[in-house]
Amino acid sequence: MSEKYVVTWDMLQIHARKLAQRLLPAEQWKGIIAVSRGGLVPGALLARELGIRHVDTVCISSYDHDNQREMKVIKRAEGDGEGFIVVDDLVDTGGTAKAIRDMYPKAHFVTIFAKPAGQPLVDDYVIDIPQDTWIEQPWDMCVVFVPPLSGR
């Protein structure tokens, strides 16, 4: 990845709220299935905004920090996804998204961020991200002191 896109907590909450507005009315949804781990925080934010209490997870491992590797399904929510929102933080190459579509063909699949290769696989997203850009999510960072350039 040549570029980095840094996401703050404030930005994430604003984007999640925008996505939640598009998912109204909330009564049409039985629940949310969050893709672990990237979709856990967006899933919680959507659940809050939409007043949804039924939240489940599907646990798919496909990243090791900034390296993609073979996909492994660790745990899945039951059913075909009918009436459920499946949420992940981003769709990148589409590997995870294809697995989600196979597992939950009737779900409404959403992400906060979408890269071009995976964009056609989601039903909705908020922000376009170039394919060669790595997204630094707020849960992967911490605030630290940065000394002034002058050293004074």
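Numbers here mean position along the shown chain, with the first residue as 1.
Just so it is clear, glycine is given a Cβ too, placed from its N, Cα and C backbone atoms.
According to Swiss-Prot:
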type: BINDING; residues: ARG37, GLY38, ARG69, ASP88, ASP89, LEU90, VAL91, ASP92, THR93, GLY94, GLY95, THR96; note: 5-phospho-alpha-D-ribose 1-diphosphate binding site
type: BINDING; residues: ARG69, ASP92, THR93, GLY94, GLY95, THR96, TRP134, ILE135; note: GMP binding site
type: BINDING; residues: ASP89; note: Mg(2+) binding site
type: BINDING; residues: ASP92, ILE135; note: xanthine binding site
type: BINDING; residues: ASP92, ILE135; note: guanine binding site
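Shown on the structure are the features that Swiss-Prot records.
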{"residue": "ARG37", "record": "5-phospho-alpha-D-ribose 1-diphosphate binding site", "DSSP (3 states)": "coil"}
{"residue": "ASP89", "record": "5-phospho-alpha-D-ribose 1-diphosphate binding site", "DSSP (3 states)": "strand"}
{"residue": "GLY94", "record": "GMP binding site", "DSSP (3 states)": "coil"}
{"residue": "TRP134", "record": "GMP binding site", "DSSP (3 states)": "strand"}
Highest CB neighbour count within 10 A among the binding-site residues THR93, THR96?
THR96
Please work out the number of neighbouring Cβ atoms within 10 Å of the Cβ of GLY95 (5-phospho-alpha-D-ribose 1-diphosphate binding site), leaving out its own Cβ.
18
Cα distance (Å, whole number) from VAL91 (5-phospho-alpha-D-ribose 1-diphosphate binding site) to TRP134 (GMP binding site):
12
TRP134 (GMP binding site) has its Cβ surrounded, within 10 angstroms, by a count of other Cβ atoms equal to 14
